[in-house]
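Peer 1: The following block contains the structure, expressed as structure tokens.
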């Protein structure tokens, strides 16, 4: 109920603050949002690999990276991990991972991350390997070093408040300049599956801040698109690069939202008679699945309504598979067979139509997005050089 109320408030705020001005391409704010979903992150990883390949082709630049084109990249849970991988700099100040490196990452590390701990009372997985590999990959990099604005969510169980890690908020909240590996583990620490994460940050004046964090989906549901849009709104208002934008209109937003798949209509459904026999643990697992699916649907519905109301429906693309079945519905099945199935899901999704009313496939829509992103980047660079 509280989540729905928050959505409605943000929805009407968006409608109230938009205007009818036409957006210039170079003034558009570009946003990438990536859902949570555990090992199902393989699905958006396939989409990201295709999009980055298209950007490299359009710009004739094999070194082009997603972070070069998006003003804001946001993610929750496994989406937060993907966000960090494509925005964390290497020694050459370029993203340490190309999009094509993400699927191999899941295949190499997924079976070790989702290795049952054997605990009956504690979480299903101890999280030690996950934290170790995040430390190895992300090193000592902190939020302020990200190559573009990020929006990664978590929830503090001690203060009972959401925690949103962004670059643009560091001036007001320097304690949020945490290490990326701490942030990534925290946003992925789904209750039941992984232990909560405790860490401490220190500001330049010596102040000490303590965090006790769990999965970002607790704070922002599995689809962080609304969060990413709100961060983009603030960025457009505060960043000098967008000084020409006097009043933000959602016609000036270009949003790509990537899902990790939901169950088909006839899979994972239950009857009242069946559910009446469930115990607390079975209910907790089912409620998490139901809540994530419902919240993802409602987020897409709200955002679609806003963009349509502003006659900007082509500025929003939601890429989601709505017919997962069998093992592909599980967020923690990291068997090689299931990961291969998830790769197939992502590749097949590219060939599917965006909607029943449009013959355009996701592949074609992403090519269109790539062209827009490329053109905007060139216009922005040309404007900056004069």
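The backbone N, Cα and C atoms fix where each Cβ goes, glycine too.
According to Swiss-Prot, the record shows the following:
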ACT_SITE  77  active site, nucleophile
ACT_SITE  215  active site, proton acceptor
DOMAIN    32-229  domain 'PNPLA'
CARBOHYD  115  N-linked glycosylation site
CARBOHYD  325  N-linked glycosylation site
MOTIF     36-41  motif 'GXGXXG'
MOTIF     75-79  motif 'GXSXG'
SIGNAL    1-23  signal peptide
Peer 1: Applying a 10 Å Cβ distance cut-off over all chains shown, what neighbour count does residue 77 (active site, nucleophile) have?
Peer 2: 34
Peer 1: What's the number of neighbouring CB atoms sitting within 10 A of the CB on residue 215 (active site, proton acceptor)?
Peer 2: 27
Peer 1: Can you break down the motif 'GXGXXG' (36-41) into helix, strand and coil residue counts using DSSP?
Peer 2: 4 helix, 0 strand, 2 coil
Peer 1: Of the recorded positions 115, 215, 325, which one has its Cα closest to the Cα of the residue listed as 'active site, nucleophile'?
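Peer 2: Nearest by Cα distance to the residue listed as 'active site, nucleophile': 215.
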Peer 1: Across the motif 'GXSXG' (75-79), what are the DSSP residue counts per state (helix, strand, coil)?
Peer 2: 2 helix, 1 strand, 2 coil
Peer 1: Could you tally the C-beta atoms, other than its own, that fall within 10 angstroms of the C-beta of residue 325 (N-linked glycosylation site)?
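Peer 2: Other Cβ atoms within 10 Å of residue 325 (N-linked glycosylation site): 14.
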Peer 1: Relative to the Cβ of residue 115 (N-linked glycosylation site), which residues of the same chain, six or more apart in sequence, are found under 8 Å away?
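Peer 2: Spatial neighbours, sequence-distant, of residue 115 (N-linked glycosylation site): 125, 129.
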Peer 1: Cα-Cα, whole number of Å: residue 215 (active site, proton acceptor) versus residue 325 (N-linked glycosylation site)?
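Peer 2: Residue 215 (active site, proton acceptor) and residue 325 (N-linked glycosylation site) have their Cα atoms 24 Å apart.
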